[in-house]
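Colleague: Pasting a structure here, questions to come.
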Amino acid sequence: MTVFNADFLKAYFVCGSQDVPGKSLVAVVQAALDAGITAYQFRDKGPQSTLTGETRRKTAQRLRDMCADAGVPFIVDDDVALAQQTAADGIHVGQSDQQIQSVVETVGGAMFIGLSCSNATEIKAADQIAGIDYYGSGPVFPTGSKADADPVIGLAGLKSLVAMTSRPIVAIGGIQVDQVDAVMKTGAKGSAVISMIAQSDDIAATVAKMRAAHE
Ligand code: TZP
Ligand code: MG
């Protein structure tokens, strides 16, 4: 079992087939691993996803193996069964996904657990539940990558969430390369990004900037 470490959150790449139209998800994730991401989350969902059934499972397993080879934690979004099948290092769930309490009971101890919390009420409730390792908070900025995103919280909103919990927070939502320094100054442990890496022309340079901000 991989023990959670807040350093995993520094340069956290989230990506599914829907985020790389016309490109190979495996190739994009390999480039991100080569560039030094500190965590990868398999988040494959929505009408633009091209993976289903056995292809989805096999792709997740391949990505899982690539992460293991790179020594980078592999995290599954919102699919406990897939996380178990692939022996993922971590699982991430949102507020409207499978109930966090049942996720903790099912996989707690076998993998680390992340929960999306976008406001003070959600953080207060989550802080009462033992076994959650980190929170993902945002969207910090407007995002084009999540159709049903919560309202934008801004850097000030992020800072106030960081201040109210002792658990590590990874910032998410609309973060681009020029904003990673400002995100770091809120006390967030890192940035979780889709488009900044998935749409980058120079993934090595993009990831280097993320890592430098949170070093
Ligand atoms: N959760 C909140 S915002 C978001 C998710 C999954 C999308 C982040 O994508 P991007 O492209 O980094 O804004
Ligand atoms: Mg979710």
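Placed from the backbone N, Cα and C atoms, the Cβ positions cover glycine too.
Curation plays no part in TrEMBL annotations; they are all automatic predictions.
Note that the structure is predicted; figures quoted are calculated from it, not measured.
Checked TrEMBL, it gives:
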| type | residues | note |
| --- | --- | --- |
| BINDING | Gln41, Phe42, Arg43, Asp44, Lys45, Asp77, Ser116, Lys146 | 4-amino-2-methyl-5-(diphosphooxymethyl)pyrimidine binding site |
| BINDING | Asp78, Asp97 | Mg(2+) binding site |
| DOMAIN | 12-197 | domain 'Thiamine phosphate synthase/TenI' |
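How buried are these features, and what lies next to them?
Modeller: Non-local contacts of Arg43 (4-amino-2-methyl-5-(diphosphooxymethyl)pyrimidine binding site) by the CB criterion (under 8 A, 6+ apart in sequence, same chain) comprise Val14, Cys15, Gly16, Asp77, Asp78, His92, Ile194.
Taking the Cβ of Asp78 (Mg(2+) binding site) as centre and 10 Å as the limit, one finds 20 other Cβ atoms among all the protein chains shown.
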Colleague: Any same-chain residues 6+ apart from Gln41 (4-amino-2-methyl-5-(diphosphooxymethyl)pyrimidine binding site) with CB under 8 Å of its CB? Would you list them in sequence order, or say none?
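Modeller: Expected: Tyr12, Phe13, Val14, Cys15, Ile75, Val76, Asp77, Gly90, His92, Ala192.
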Colleague: Filtering Asp44, Lys45, Lys146 (binding-site residues) by proximity to ligand 1: which pass a Cβ cutoff of under 6 Å to any of its atoms?
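Modeller: Lys146, by Cβ distance under 6 Å.
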Colleague: Listed binding-site residues are Gln41, Arg43, Lys45, Asp78, Asp97, Lys146; which sit with C-beta under 6 angstroms of ligand 2?
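Modeller: From Gln41, Arg43, Lys45, Asp78, Asp97, Lys146, counting a Cβ under 6 Å from ligand 2 as near, the near ones are Asp78, Asp97.
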Colleague: Just jot down the residues in the same chain as Asp44 (4-amino-2-methyl-5-(diphosphooxymethyl)pyrimidine binding site), at least 6 apart in sequence, with C-beta under 8 A of its C-beta; none if empty.
Modeller: Gly16, Ser17, Gln18, Leu51, Arg56, Thr59, Ala60, Asp77
Colleague: Mean pLDDT for the domain 'Thiamine phosphate synthase/TenI' (12-197), as a whole number?
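Modeller: Residues in the domain 'Thiamine phosphate synthase/TenI' (12-197) carry a mean pLDDT of 97 in this prediction.
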Colleague: Check the binding-site residues Lys45, Lys146 for other C-beta atoms within 10 angstroms of each C-beta and report the one with the most.
Modeller: Lys146
